[in-house]
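The next block holds one structure in the form of structure tokens; read it before the comments.
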Amino acid sequence: MKIPAALVFIPVGVLFLISGLIVNIIQLVFFIIVRPFSRSLYRRINKNVAELLWLQLIWLFDWWACIKINLYVDAETLELIGKEHALVLSNHRSDIDWLIGWVMAQRVGCLGSSLAIMKKEAKYLPIIGWSMWFSDYIFLERSWAKDENTLKAGFKRLEDFPMTFWLALFVEGTRFTQEKLEAAQEYASIRSLPSPRNVLIPRTKGFVSAVSEIRSFVPAIYDCTLTVHNNQPTPTLLRMFSGQSSEINLQMRRHKMSELPETDDGIAQWCQDLFITKDAQLEKYFTKDVFSDLEVHQINRPIKPLIVVIIWLGFLVFGGFKLLQWLSIVASWKIILLFVFFLVIATITMQILIQSSESQRSTPAKRPLQEQLISA
């Protein structure tokens, strides 16, 4: 069912803003009073607190937009996911690839302990960015001189992580668009690299740093290749708010970290070869409608996100009822104006989150930066 997204903005915006601020405040309190004494206990508490917010987006994906995921994976990998630390390496084709990762993490019980390496602007996003900062996400400035130490410090903090975690890394550095593809093809021509058709050229320095620093305590890399099912609309947050469904094909392959090369150049080449393989796989799918030779599994939607949203909604309705009772007693133009201002803030917050996810607003491909991050 497709409905005008504007009709959903205000109620969902109010719900997300109120619940998000509550979650952020709780995170702040535990960050101040627990983390200085026990980082392990803080992380366990924060996992459950953060999920109270993040599950609302899972609900939007699963229950409101009813987006379907076809998971292609072998039996051995399916048995291990969610039971071991992993570095998740994926291509970056849509505005909600990060949310697809959250959906998969939620299915295997590690949503609240899922992590990612992101651009620093993300941590300033209202509600969601703040929750990520409290959850040990690693934020980069896209300047290797500054980011090298940031990455090493971030990886060091993960050594004693008390729960199974997934660390996501989008090595293409930006979302796939036709404009960025053309820039990548031009760069490939200059550097005598294979010309990509369906992926961008990976920026390998961050990946090399990750493998070098975490291979002693992270046993696996989950190699994810995803794309929208043929003839389905590309999912976006705006389309999700409209209740517009879609279908995602996701392949997961597990690589043992111990089997990766030991040298930096070898690790970088391994990453580049991996994306050449992804490119060929996607080309085969787009031309022959054959996505993967692995067994496909249907990912059923869980009940937990729905329960969390219902509880938050009940809290909001009860609070709104009490507010209306209070307004009927002390009603004045100032109070009414304050109420309207709050609704406007909720709407603006949702608009900021939606715009921040749009591929048109992501960082454009820059060959000088790419040249810094791709090993020669």
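The first residue you see is number 1, and the count goes up from there.
Glycine is no exception: its Cβ is also placed from the backbone N, Cα and C atoms.
When the ranges 92-97, 146-151, 194-199, 254-259 are checked against Swiss-Prot, the one recorded as motif 'HXXXXD motif' is 92-97. With a cut-off of 8 Å between Cβ atoms, the residues of this chain six or more beyond the transmembrane segment (98-118) that come close are 43, 46-51, 54-55, 57-58, 61-62, 69, 71, 81-83, 88, 90, 132, 135-140, 151, 154, 158, 161, 163-170, 206, 210, 224, 226, 248, 250, 299, 302, 304-305. Broken down with DSSP, the motif 'HXXXXD motif' (92-97) shows 1 helix, 0 strand, 5 coil.
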